[in-house]
Amino acid sequence: MTIQAAELPRTGKSRSMTLPSARRLLLWTGLAVLLAWVLVPIYFVALGAFGGRLGVFRWPKTIWPADLSLAAMTQFLGIEGVFNALVNSLIAAGLTVVFSILLGAPAGYALARYTFPGQNAYRLLVLLTRAFPLAILALPLTVSFIRFGLYDTPFGVSLIHTVLALPFAALVTQSLFMGIPREYEEAAWVFGCTRFQAFMKVVLPLALPGLAATAIFAFVISWNEVFAASILTVRERTLTAYLLRILSESPLHYRFAGGFILIIPSVLFIFAVRRYLFAVWGIASK
Amino acid sequence: MPARTSWIPYALIAPSVIFLGALFLVPLVQTIWLSFSAGDGFSLGNYQRMASDLNFSLAVRNTFLLTLVVVPLQVVLALAMATMVTKLDKGRDLVLWVLTIPLGISDLAAGLAWLALLQNTGYLNSALYALGLIQGPVGWLSQETPWALFFAIVLAELWRATAIVLVILIAGLQLIPKEFSEAAEIFGAKPWTRFTRITLPLLKPSLQSALILRTVLAFEVFAVVYALGGRNFPVLAGEAYVWQNDNQNYGVAAAYAVLIMAISLAATAVYLRALRTRPEQLP
Amino acid sequence: MADIVIDRVVKEFGTFRALQEVSLTVNDGEFVALLGPSGCGKTTLLRIIAGLETQTSGHVVIGGQDVSTLAPRKRGLAMVFQNYAVFPHMTVFENVAFGLRMQKAQQAEVKRKVERAAALLHIESYLDRYPAKLSGGQRQRVAVARALAVEPAVLLMDEPLSNLDALLRLEMRTELKAVLREAGTTTIYVTHDQTEAMGLADRIAVMYGGKIDQIGSPLEIYATPATRFVGGFIGSPPMNFIKVQCSHGTARIGDAALPCPTTGMDMELGLRGEDASLAPNGSGIPFDIRVVEPMGSHLLLTGSIDGQPARIVAPPIAKVSPGERVGLTVDPARVTWIDSTTGRAVVRA
């Protein structure tokens, strides 16, 4: 009837909460190697970007920063075409964000809230895009883009980048909207909102963080894309297209400066969306 | 409950359907049509020109070789990473952030980052020199050292694109209730058995989508290769680019495009079949 | 077959103490239920016994062997999970056979034992199906069969019936009792459902705030709760607690007087709704009825005694109405006296 105490001697703490220490050490060693594996090339390209001409050809190199200056970077940005390319990249990525959200979010909402004939066909179309190397489709577009005056414009580039980002946006927003209970909207209708008002007042605020993450992904997709951008531009190059074009003729430190500029926004963006990364890809890869 | 059918969902999907029709389906058909029309009417001329090109067989071989080496390594590496990360409790978020940084890095930038390491007066050579293994700068990325160049490209690809596999696998792992593994543990399964008998089979859908995504992208590989080796290491997408931009021959470029698409579709079909999960086996 | 000794087990999650020096002995072949509200530490304790969680300090001894630091697979136990954890990618047969396969049992033995476990749980007819095709109740049977197939020394069950609907739960409960009686396995069963614990267990350990408040047979726990919490948690409606003043060994409520065990402290009278009966002439403890709910087998009366809320069970044909004051008679032997300050029952000398 009373609580029985067994007669075992008491020995302080038993083994620690999770893994034994030898295995913990192994685990952290492995992780340290992996972290270094990711970070070291970024570190070196940064050194290359700020080391200037001297730094690049210094031999042998030390792994510590030497001869660092902003001069190399400002020189690079001063080259004719670089700044323009940067602006073009930003315009194309910005437009890609706008298009993929404007086109993708309504589709995602439709998939989340309605069942309608043709729904599966639409899903198939979206999924089909994944089995194709989409950037390759820029090849035949050259001709029609020239005809419509879209060739060699950031707008034209953003169109093909939207093809890359749109399926992703549709699938992610679908699950985003599915995660917002329909009852919230229905309550808004009952209290006098039109469908559109209910969406704007109830659904949109709740979906906003997820939409922002989707937008950032669309931006990164466009910012990083090389092939289509290179095919569809001649003078109004994006940064990736510009760098690809000058690869063979530009000095190494300019290449590294370009590489560094390409990497920086990605690192920040991944940091900004890290909470959504797994949710988003869990959905987008279904 | 979804509402009754109305015009609303169609209005909502219409813009994206029109857009994908104009910029995905039409160019798709155009590419195929373009590749089969040299001069006037149906012709295999473009394909003959493509196949007779000096770089063609090299490009095919290199692309396949890269894909066959890189993709399986990425999956293994990502599985190892994912297993390690799930064992963490402290610092998990920070580790994940760092491991997923390459996800946001373009293939061109990745190529350039590894170029900083591997170029003649780069950090690898400096390290080898410091260890007394080489006498002076050595070129690894030239036509004379195809295997070193290949290895460098493999490294850069592993570095850049393992993150996406990692993210897909971790997202998949999060969907597997931990009770399955716990139950297996209770009933006597050792860690490796739990991994092969429980985790891997349940992860199959995620593995499938990661493999499809990565394989399709691997056949498109281009900028990494260019950043590291220029045209020293021909690949299919690179040849398409050259035929389009430098040679201004849209027909042969289209033939390359069709070839890449055909290979990608075939690979997707193989994965869908080989890694299919029967509906009754879904959790 | 084995007994289980849990010796002063403590579990801390950071600064939160989920278990505070819990000790418990389960005899060989005994069925003990860990009963308590969510967050009381019962599942944590079960997972420590299983080895899925490691205790901060203390020991777990199974069949005389200290298993405190052993991996789950080396503890010789089986477990049924709350969500069943029936592997979706294996057939029912392979699920039931899983533990045997891990023991590297001979094919013939696997077949024999799986079939016996399947017969026991009546799942022979769908051994070659996949779990996705099964109903919740059927999956539940598979989970139990999988646990019994390995003929474990100890069987752990974590709220195994909580995901079933009410009717199925009743059916499975009865069946579980029959099956486990036959198997004679030492069983620890975690639940928050008192009727499950009462119906199944030889002994119940009522847990609250990371401690075991009381352990005893279902009848003991019901009739003589050791703490205010146990009295309030067990029984439906819960025990009523009425603050009273004890003077000269007597507590007075209205014109009723009850002998109380001690003098000079704040006492609460613990009274079960079904232990009070309506006095024929309105004498005894005054009870002001506010709501009358006919439950079929009885009437549930909600109201107040001496201004303190109380629920009383009356015969279904009793003539009572809301707003009425009735008198209650109580058998002094069937009430519990609680010390208001400690919340513990005062044991009568």
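From the backbone N, Cα and C atoms, a Cβ is placed for every residue, glycine too.
Annotated in TrEMBL:
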type     : residues  : note
DOMAIN   : B:60-271  : domain 'ABC transmembrane type-1'
TRANSMEM : B:12-36   : transmembrane segment
TRANSMEM : B:56-82   : transmembrane segment
TRANSMEM : B:94-117  : transmembrane segment
TRANSMEM : B:147-171 : transmembrane segment
TRANSMEM : B:211-229 : transmembrane segment
TRANSMEM : B:249-272 : transmembrane segment
Long-range Cβ neighbours of the transmembrane segment (B:56-82) (under 8 Å; 6 or more residues past either end): 50, 99, 150, 153-154, 157-158, 161-162, 165-166, 169-170, 173, 207, 210-211, 214-215, 218-219, 221, 233-239
Winner by Cβ pairs under 8 Å against the transmembrane segment (B:249-272), considering only B:12-36, B:94-117, B:147-171, B:211-229: B:211-229
Cβ-Cβ under 8 Å with the transmembrane segment (B:94-117): same-chain residues at least 6 beyond its ends: 81, 85, 88, 123-124, 141, 152, 155-157, 159-164, 166-167, 170, 221-228
Stretch contact, the transmembrane segment (B:147-171) with the transmembrane segment (B:211-229), Cβ-Cβ under 8 Å, 3+ pairs: yes
